Amino acid sequence: MEKTNNAIAATISSTSQALSNAFWVMVRKEIAGQIRSWKFIVLLVLILLTYWGSLLVSMSNLRSMVASVRDADELFLYLKLLTSTEGSLPPFHVFLNFLGPLLGISMGFDAINSEKQSGTLSRIMAQPVYRDNLLLSKFVSVIILVGTLLVCLTLLMIGTGTLLTGILIELEEVLRIFAHVLISLCYIAFWLAIAILLSILFRQPATSALTAIGIWLFFTVFYEVIVNLAVKAMIPDPAPPAELMRFYDLLFSLTRLAPSQLYADATTTLLMPSVRSLGPVTMDQMAGAIPTALPFKDSLMIVWPQVSGLLAATVSCFAYAYYKFMRREIRT
Amino acid sequence: MERQIIELNNLSKRYGSLTAVDSLSLSIQKGEIFGLLGPNGAGKTTTILMMLGLTEPDAGTAYVCGHNATKDPIAVKQKVGYMPDSIGFYDDMTAWQNLMYIGELNGIAGSQLKQVCEECVQLVGLDAEAMARRTSTFSRGMKQRLGLAEVLIKQPEVIILDEPTLGIDPIGVKEFLDLIVKLSRQKGLTVLLSSHYLQQVQQVCDRVGIFVNGKLQAQGDLSTLARSVNGKAACQVQIVLQQPLTIPWKDEADIRQLPAVQEVTIDGHTVDIALREDITPEIVRFFVHKGYDVAGVQKKEYQLDDIYQSIFSA
């Protein structure tokens, strides 16, 4: 006993190292817990199904798609695999627009309040770990998990495509696809941050889950309708084109407050190199344009505001959650 | 000057208009078992949380093991094991995994972790079969034991137990408290336990503090407390008679004549007599002499209960 005492004292002495270890111990435990949980398995099955379904659809009309491409340089086979559809099933990136929030919300809605309810929060907080490590570990573990999942799916897709068509993927496509994965991760992180924030604000996991789903529904269904109604009501009836243009700009800016719109804009631009602008374009601007694909860098430039908007929303949500959690009383 | 292992100075905490802890000063020596007594909502848990740096005090300081708990909570938490009152474990993990997790969080290296965990499990008397089970199947008593194992895993200098006996059956309580006393004596641990059960606390504590409405009303060992609380009766005798007495009792005036008798309460078969000093034999003789059939005599010395009662009624 004495021997182990000394040994432990020696181990604990390197405090700072032990503390950073403690953080990764927490992350590991969180990941293990998530993977074993039923909700993750259900979500995994759901995502695999949609992935498989949308891939099947795009594979089936691959031939007609390839045939319609005039310039071989602009084939972008792998991007087409992700985006093309014949109408029966939406493409994968549109699916992800729905599934992403679901994934983020379901992985985070009970992050803090379930710990509080089961009485584990005060027990963990009594250990020599920083309080924010718990919150951070919840966030990081889900990001690692979802990131791994998305990267796996993407690699699977590329692999299947190569096997079936024999066409090698181009660097341009790799960049675009992985940029898409990163943006998807940001998007899921945003919903995760909201869910974790709500799990701190509300005592009951059911309340926080419902509220998160309510916010999600509001942004996906009602927000656009409301903005449309409001802006259209403001437009004077016989409006000069310049005036009209201004109102449409306003409309676009307002709809882009919704995270799902940001995500849709960003993914569409990245996965479809022919998309050149996200706002309204006048005939004058169109006149000189040559209908070619944009290089990756230019596409990225177009979506940069969207990406930074998503990141900013995620960070501010998480920061607020952080603030709330640090000030919160531990006791139940 | 050497600090006591736990030293609280004018510690205060307010929640809105409610003062949960009101300038509390308290010091506890190394190796002592201290009982923090008080009704629910007296501020016991708040005090404990402030000692661990989990709640910030509005005023005053808390020093535990020489560290300021508010400014340096990590250093305090490395040396203090805390078992909360509503103890819970991760239900999707086995007891063993729960214990290992806490061990890891305390920075115990992987090579020793298993050995340390096994030692702790043995100390608290849980068997290997139970440790392999999920904690959702655990009874309250087993959870308490697991909680204690977890507290011991970090080799603490101080153990703080918040309502450790809540919800366990009497035999379980006795075993648990005996275990705590044994551990404290073996390892020289300082133990602070909070409770609203007086009987249990007085069995094991060296010193108790009585805590009401955020204020420490009295502290010391039992006899000091008894003296501080009352200039009242030192002991009480209860006589049980075969036949019920009628009120007014004809001999009441006579018994009041006896020296040291302070108060006589009659309730059917029983007569309670409060005494300034112990004259039980004389009382019994009185009853026998008057021709009553004494069925039982019970002498009650002052218990924490009574001290508690008198503080409340004050």
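Keep in mind that glycine also has a Cβ here, set from the backbone N, Cα and C atoms.
According to TrEMBL, the feature transmembrane segment maps to A:38-59 (among others). Residues 65, 80-86, 88-92, 95, 99, 102-103, 106-107, 145, 149, 153, 157, 160, 164 of the same chain lie 6 or more positions beyond the ends of the transmembrane segment (A:38-59) yet place their CB under 8 Å from a CB of it.
Counting only same-chain residues 6+ beyond the ends of the transmembrane segment (A:92-112), those with a CB under 8 A from a CB of the stretch are 34, 39-40, 43, 46-47, 50-51, 54-55, 82-83, 121, 134-135, 138-139, 142, 145-146, 180, 184, 187-196, 198-200, 205, 208-209, 212-213, 216, 220, 260, 263-264, 267-268, 271, 325. For A:92-112 (among others), the entry in TrEMBL reads transmembrane segment.
Counting residues 6+ beyond its ends, the transmembrane segment (A:133-157) has Cβ neighbours under 8 Å at 19, 22-23, 26-27, 29-31, 34-35, 40, 44, 47, 51, 55, 78, 81-82, 103-104, 107-108, 111-112, 115, 121, 124-125, 177-178, 181, 184-185, 188-189, 192-193, 196, 318, 321-322, 325 in the same chain. According to TrEMBL, the feature transmembrane segment maps to A:133-157 (among others).
For A:177-202 (among others), the entry in TrEMBL reads transmembrane segment. Non-local neighbours of the transmembrane segment (A:177-202) in the same chain are 78-79, 82, 93, 96-97, 100-101, 103-114, 135, 138-139, 142-143, 146-147, 150-151, 154, 158, 208-209, 211-212, 215-216, 259, 262-263, 266-267, 270-271, 296, 300, 303, 307, 310-311, 313-314, 317-318, 320-321, 324-325, 328; each lies 6+ residues outside the stretch with a CB under 8 Å from one of its CB atoms.
Within the chain, the transmembrane segment (A:209-231) has long-range Cβ neighbours (under 8 A, six or more residues past its boundaries) at 98, 101-102, 105-106, 108-110, 191, 194-195, 198, 202, 247, 250-251, 254-255, 257-261. Residues or ranges marked as transmembrane segment by TrEMBL: A:209-231 (among others).
When Cβ-Cβ distances below 8 Å are used as the criterion, the transmembrane segment (A:302-323) is approached by residues 132, 135, 139, 183, 186-187, 189-190, 193-194, 196-197, 200, 256, 259, 262-263, 265-266, 269-270, 275-278, 294 of the same chain, each at least six residues removed from its ends. The transmembrane segment annotation in TrEMBL covers A:302-323 (among others).
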